[in-house]
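Taken from TrEMBL, the feature compositional bias 'Basic and acidic residues' covers 230-247, 520-531. According to TrEMBL, the feature compositional bias 'Acidic residues' maps to 256-287, 294-303. The compositional bias 'Basic residues' feature in TrEMBL is assigned to 536-545. Residues or ranges marked as disulfide bond by TrEMBL: Cys114-Cys149. What TrEMBL records for 213-321, 499-545 is region 'Disordered'. The signal peptide feature in TrEMBL is assigned to 1-28.
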Amino acid sequence: MGERKRVPLGIFAVLLLISASSFQLLRASDDADDAIFYESFDEDFPDRWIISQKDEYSGVWKHAKSEGHDDYGLLVSEKARKYAIVKELDQAVSFKDGTVVLQFETRLQNGLECGGAYLKYLRPQEAGWKPKEFDNESPYSIMFGPDKCGSTNKVHFIFKHKNPKTGEYVEHHLKAPPSVPSDKLSHVYTAILKPDNEVQILVDGEQKKKANFLSADDFEPPLIPPKTIPDADDKKPEDWDEREKIPDPSAVKPDDWDEDAPLEIVDEEAEKPEGWLDDEPEEIDDPEATKPEDWDDEEDGEWEAPKIENPKCEAAPGCGEWKRPMKRNPAYKGKWHAPLIENPAYKGIWKPRDIPNPAYFELKKPDFEPIAAIGIEIWTMQDGILFDNILIAKDDKIAESYRETTWKPKFSVEKEKQKAEEAEAGSNGLAGFQKKVFDLLYKIADIPFLSAYKPKIHDLIEKGEEQPNLTVGILVAILVVFVSIFFRIIFGGKKQPTKVEKTNVDSSAKNQSGENGENEENKENKEKEESSSAPPRRRSTRREN
């Protein structure tokens, strides 16, 4: 009999996971009746979803399998394109009856350097609106999901709320949102909106952020406007003196004060050191340097050998022309100024008086607009973004069940495959260490008190991912950032002077509104556009001395 081949345990485990995933995916449909809305993309989408027909949205959506699975999803198939697609719900989803759970899966199959993968939950549109006209201006109630480009690296949670006093919609952004996972695996994003004003953001079933809709510490701008605002019509009196100290009017410059004396003078007592080499230059042409074979004098200019330190100067006290050094002038006093004294007319820093805010209102819970449609409207420089298993439910247990049956089996298979590839490539060494370091740093960047430094930390991490050989240098740079933050916390930063800005009430209200001003999403789109149009670097044509 022939020798029986032994199946590696790692491959056997992967096969088991694939079998289990097929069984569990079948079970997902059992819970479909418990969901308010569920889209699995098992079938092709054109009969259920409407692609925007606006010219700017040229990106092609495809019904495609997730790599390594038989599970289908909605695929972003081209780079550097705008995409827009929408699904109108049979019945609008209200937030007034209790908990609402928003959940969906994404897989960044080619990674994500600059692009969005978020969903927009649209409120009821104006009469006459057509799904084929869906675009960036279509008003939404909630925007949720990952986005990464330039300094932006966050899982957005933004909601628009109508001010009952002004009738304007204001866009409120979650502060210090979690970061986007940096791998190419399937991930599931969950937002749980509870009737007690709490929202929880989960990534892969793990809570990454908890916030309160009524807390000024959790959203920017706060949902509840301030009770008072500066009076834009209030003007500073002409005789208002804000100078705390003034020059002493009785002070007189001393007779012996020479304002023209220089700060430094030549040290006449200095003598040239013995052995100084006057005729030797400090640098000489490198005698071992040779002109590169591919150097083109017409294109690159006349070739010049690089400079090195003159070896003759190493043993001597110095080379070149000797000059007497400068020393501080003992007669220097600088420009004379009268000493400062307390200003007897000082009245303090003026600021306009506060008046009642006409936009102020009180409420016990936010009045969310219902969800009438789900849209994906993104601008991305990446392809391979796959959306799947979009869910709206009334119970977080239902969302958990879907994660267990639709996402977790796929993620487990992908994770095992990733481990096998890392082991095969010898990633148990430096590369594996680097990945663990970067994953840890992304988690550290999510710590709330580091939110102000988050873009800087992300920038350093991304440089390290692009150039793994710089890992040690990146760690040192981030350590310097942490030490700086530590000293600021311990010793405090320099107190900045109060800046008073006078704004008109009507214009400030418009600037608050996400529909009357440029919102954060548009700014991030600009970053994506700039990243796609950056000019190529030119070859240096001449060696710099």
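Placed from the backbone N, Cα and C atoms, the Cβ positions cover glycine too.
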Helix, strand and coil counts within the compositional bias 'Basic and acidic residues' (230-247) (DSSP): 0 helix, 4 strand, 14 coil
Number of other Cβ atoms within 10 Å of the Cβ of Cys114 (disulfide bond) across all protein chains: 22
DSSP helix/strand/coil residue counts for the region 'Disordered' (213-321): 8 helix, 19 strand, 82 coil
Other CB atoms, at most 10 A from the CB of Cys149 (disulfide bond): 23
